[in-house]
Amino acid sequence: MAKFMTPVIQDNPSGWGPCAVPEQFRDMPYQPFSKGDRLGKVADWTGATYQDKRYTNKYSSQFGGGSQYAYFHEEDETSFQLVDTARTQKTAYQRNRMRFAQRNLRRDKDRRNMLQFNLQTLPKSAKQKERERIRLQKKFQKQFGVRQKWDQKSQKPRDSSVEVRSDWEVKEEMDFPQLMKMRYLEVSEPQDIECCGALEYYDKAFDRITTRSEKPLRSIKRIFHTVTTTDDPVIRKLAKTQGNVFATDAILATLMSCTRSVYSWDIVVQRVGSKLFFDKRDNSDFDLLTVSETANEPPQDEGNSFNSPRNLAMEATYINHNFSQQCLRMGKERYNFPNPNPFVEDDMDKNEIASVAYRYRRWKLGDDIDLIVRCEHDGVMTGANGEVSFINIKTLNEWDSRHCNGVDWRQKLDSQRGAVIATELKNNSYKLARWTCCALLAGSEYLKLGYVSRYHVKDSSRHVILGTQQFKPNEFASQINLSVENAWGILRCVIDICMKLEEGKYLILKDPNKQVIRVYSLPDGTFSSDEDDEEEEEEEEEEEEEEA
């Protein structure tokens, strides 16, 4: 049977603790220590926790306070050296650095405490919303907070107007900041060589249209000829006897105002002997009018969306063609130039041809450049005294006022037309500059702008005319900050670069994502009709093989 063994109890009547010390521990020196203490520490920093002398050594740790385990090196007089202990003068920043750091730490701590307090007092659903808001705020700051330039928005890469092939060689590169510094003043007065076509008179009833008396835009089926330079029979005839640089007003306006462009575009240059021909590619988008190209956030819809950049450009071109004919007195008296329209055949109905006149003009740029340009007028207008004024008719269209920092035309066009034109200048600076250059080259007395909006925001097929406005090209150029000297300087620079090239075909291409234009040399046969036929035959053969 188990029994209880009473232990030996030591009674110390004069104190506390054991009465006797075992023999093996008698007379042994002891110093409190910790396993975390380093042996032979250079200095003991653990004892300086409290700076107030009233609490010195009261709560300090005594571990490692002795010198039993310290390592002492023998004195070596050779290593003795004097040290300069004089205090250096601190700068104002160094003196206040700790003060600012402590202030920032206190501020951050207060914010964290306040945030924690707010989270504690919110209900559960509100807590989740607050945490989600803080998470999104941190994400936004991480993405955009470190940017130095707030105007650099994240834009997806744009496509080039033409695919650059591997066998194309870069001959020259010009950046926009360099082109913006160009100036050229030695431009002679233009000389009219030949005038062709017939113009209809402008209907002044369109000047009285307001937002309250809007007029539907009609679809007018007329033929518009957009013939390139080398296909123009008049230019071919003139090139035999005079001139060494040939182009159309649309091509030159693209070059003269290129520093405002954002989207990619291209122009074909042919060097034949000592002559230069500026052309556009067949079946290209060169004649399409861009929409909100220079806006801070241009349209970026993709696919078949009616607000995609290409569909908006086709809509704007459709509106411009119809308005330029609807605002004329169609079917009535015409103003005829001495020569007929060179692109109209004899068996064609004259009423099916759009009202347009061609003025072939000549400029002398110095002693070596003889420039011949085909310019266009869209209509003619009679003044109060019966004088005749030639006009260019263009159209600005509203597609959705909620985008691109737009202004609602139906509310602002009559009362604040200046705000509307200022917004359009910001969003369509390049397009307005091109139109102004074309009017200046043609010598038009006025530039007519029509304001056309969608009948409904979601319907891109029906439109209404909300008003018109008239400008003198020179005055409008000053309003939109278009320097005519800079425009001629850019053109002269491009011509000089192309004149230095060898005979052949070249391409001037605006980079789709950079402010730079490049000149590429093209192999023989590029962009020719024979090459297009071969590509079509290859595509047909591939389709037949797939079907087989």
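Even glycines carry a Cβ here, placed using N, Cα and C.
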Which listed span Swiss-Prot calls region 'RNA gate', if the choices are 75-89, 105-119, 285-299: 285-299
Within the region 'RNA gate' (285-299), residues counted as helix, strand or coil by DSSP: 0 helix, 0 strand, 15 coil
Greatest C-beta neighbour count within 10 angstroms, which of the modified residues Ser161, Ser528: Ser161
